[in-house]
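Comments concern the structure below.
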């Protein structure tokens with residue numbers, strides 16, 4: 001073997017350098033969250049500035065009216081510092097620093113769970129992106145099928161035979177001569193990339209691609225009673241399988257001094273090269289048009305039974321040149337193999353789950369179109385409104401024709417890796433689709449890199465394919481891909497729940513402090529109290545809501561498209577409704593609490609402020625439970641099994657009791673009677689009832705109005721926040 005290039009000069013190196021040029025695109029969620037965080041931060045800054053200005057103006061007016069602005073004391077400086085601390089705390093509360101934490105935790109949690117489900121996530125963001133996927137372009141062999149192939153039928157000497165039984169040799173001997181059988185075996189064993197290796201325990205194992213192994217094992221089964229000397233010859237030249245030519249060939253020298261080319265490959269291509277065929281006696285006879293038609297009908301009938309078809313042919317030559325390629329005409333047809341690759345168990349249900357989730361599955365394969373259609377129908381991919389197309393037809397279409405054609409494509413047969421890349425590029429460019437692609441070969445790497453989510457096969461995949469992918473499917477199973485989509489949706493929805501919860505706390509904390517500052521000249525929630533609320537809201541809230549596992553309902557709704565707003569109308573309904581309830585409750589306590597609850601004494605103001613703080617915290621605790629479901633009334637479903645959520649709620653309540661009862665000096669609170677504790681818990685628990693009532697209010701869907709096949713060519717520009 002001669003080394004012609006190393007490192008970046010090899011094909012592998014060139015491919016890797018093109019993959020590294022693209023750079024990292026932000027995921028759809030990252031783009032939306034950047035906008036949300038910026039808006040929330042700006043609102044917080046405005047409220048903080050207004051609160052500080054109002055408090056300062058009131059302080060200066062009161063000071064001017066009482067002692068005059070010329071006299072200043074140390075207590076005045078302390079008051080101004082407290083006002084400034086309150087304003088800074090409002091900014092701290094408003095800025096959603098828990099958002100990156102929630103995203104990272106949710107993705108990491110999903111990544112850990114997916115590892116148990118045989119999916120290795122290489123890039124964290126791929127978890128979330130997969131939840132938005134509207135299209136999956138999948139390979140057939142090994143992904144939808146088991147990738148353990150066996151020869152199911154054979155056509156030889158104008159006879160078709162099923163060869164799955166134990167009497168294969170006897171059945172074939174009854175219709176063909178030993179000469180024909182010898183020629184068949186010679187073609188099988190000489191023109192192959194499979195080989196037999198002896199294991200340490202003495203057993204023999206066939207290594208090679210699944211297709212090659214199937215034909216080789218079939219040959220070994222036939223060879224049982226046949227003389228191996230009949231195929232004694234020497235290999236002179238080998239042409240490995242080429243995905244463009246769709247064939248492989250070998251040149252052998254025969255004992256009589258002549259040479260023989262054996263070609264094996266895609267049935268339609270090999271048959272076109274043949275003008276002769278082998279008859280039952282082993283003689284080459286001319287191929288008539290009727291026989292050619294019968295052969296093509298046989299190929300189609302094999303393919304319609306979901307069999308992969310391969311043809312074996314040969315041509316004898318007297319001499320050859322070293323740089324000559326295998327012949328492309330004048331071949332003699334030996335046989336047609338029908339190779340079965342059973343559909344994986346669970347694939348049909350997985351495709352059905354995709355359909356109900358609004359994800360379109362497209363099969364892209366190098367197989368015969370009839371085989372591809374048969375498998376696609378068996379899996380449920382090819383529906384009545386979908387079409388199957390061959391790669392050469394697809395390549396010849398203009399951009400305008402592709403715009404009309406692509407939404408309908410469900411199967412692409414006889415495709416090249418470039419066709420897959422073109423399909424992915426157009427789906428992303430023309431239709432703004434979030435596209436997931438599966439691939440296993442080195443030549444799939446550009447398509448894997450171009451897609452939003454590249455899924456490489458862990459068993460059949462090459463190192464380059466895995467290097468280009470975001471997720472490695474360790475068991476090469478399509479069902480695993482659906483699990484990735486489920487967890488991706490869980491991540492997106494969990495972060496929506498967290499943002500809904502956080503915005504509610506934000507609005508209430510900002511408004512209550514601002515209104516109180518304007519009316520009473522003081523903020524009921526102190527800096528320490530606001531920081532504790534911020535911790536509940538950010539860190540603990542992120543832990544609780546970001547680790548919710550997926551449920552089946554998530555796969556019964558369409559995917560979130562690129563242009564859809566992150567904060568939906570349903571979320572706004574819940575945020576505004578809960579905020580209004582909490583503001584009414586806290587406002588009533590602030591301005592009429594002493595009279596309503598008959599609180600008297602010198603410390604009545606401190607008791608009311610503590611009660612406001614306590615009620616506010618318990619409203620958030622129950623609102624956290626409420627945020628587990630954005631549209632369903634039953635918020636307790638699955639809560640018992642989520643120990644993280646229950647633990648965080650328990651920790652929050654325990655810490656709140658400690659702060660109120662034992663850390664009064666630090667948190668500016670006073671101990672409360674059991675009756676006032678009941679009031680706080682009661683007011684908080686009512687938010688569950690408010691949430692249930694809000695969920696009964698119908699809200700118009702946020703989804704984009706979709707055109708034919710669910711596609712909306714979206715305008716370019718920044719995402720609508």
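In case you wondered, yes, glycine gets a Cβ from its N, Cα and C as well.
Taken verbatim from TrEMBL:
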DOMAIN    523-696  domain 'Cation-transporting P-type ATPase C-terminal'
TRANSMEM  39-61  transmembrane segment
TRANSMEM  81-110  transmembrane segment
TRANSMEM  503-525  transmembrane segment
TRANSMEM  531-549  transmembrane segment
TRANSMEM  570-592  transmembrane segment
TRANSMEM  604-622  transmembrane segment
TRANSMEM  643-668  transmembrane segment
TRANSMEM  674-694  transmembrane segment
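Here the transmembrane segment (570-592) has long-range neighbours at 496, 499-500, 503-504, 507-508, 511-512, 515-516, 519-520, 524, 608, 611-612, 615-616, 619, 623, 626-627, 630-631, 683, 686-687, 690-691, 693-695, 697, 699, 702, meaning same-chain residues at least 6 beyond its ends whose C-beta is under 8 angstroms from one of its own. For the transmembrane segment (39-61), the list of distant contacts is 69, 76, 79-80, 83-84, 86-88, 90-91, 93-96, 503, 506, 510, 513-514, 517-518, 521-523, 721: same-chain residues at least six beyond its ends, Cβ to Cβ under 8 Å. Contacts between the transmembrane segment (604-622) and the transmembrane segment (503-525): present, as 3 or more C-beta pairs lie under 8 angstroms, all at sequence separation of six or more. Sequence-distant neighbours of the transmembrane segment (81-110) (same chain, 6+ residues past either end, Cβ-Cβ under 8 Å): 29-30, 33, 36-37, 40-41, 43-45, 47-49, 51-52, 55-56, 59, 121, 124-125, 127-128, 487-488, 490-491, 494-495, 498-499, 502, 505-506, 509-510, 513, 517, 523, 526-527, 530-531, 533-534, 537-539, 541-543, 545-547. Within the same chain, residues 526, 528-529, 532, 536, 540, 543-545, 547-548, 606, 609-610, 613-614, 617-618, 621, 624-625, 628 sit at least 6 positions outside the transmembrane segment (643-668) and bring their C-beta atoms closer than 8 Å to a C-beta of that stretch.
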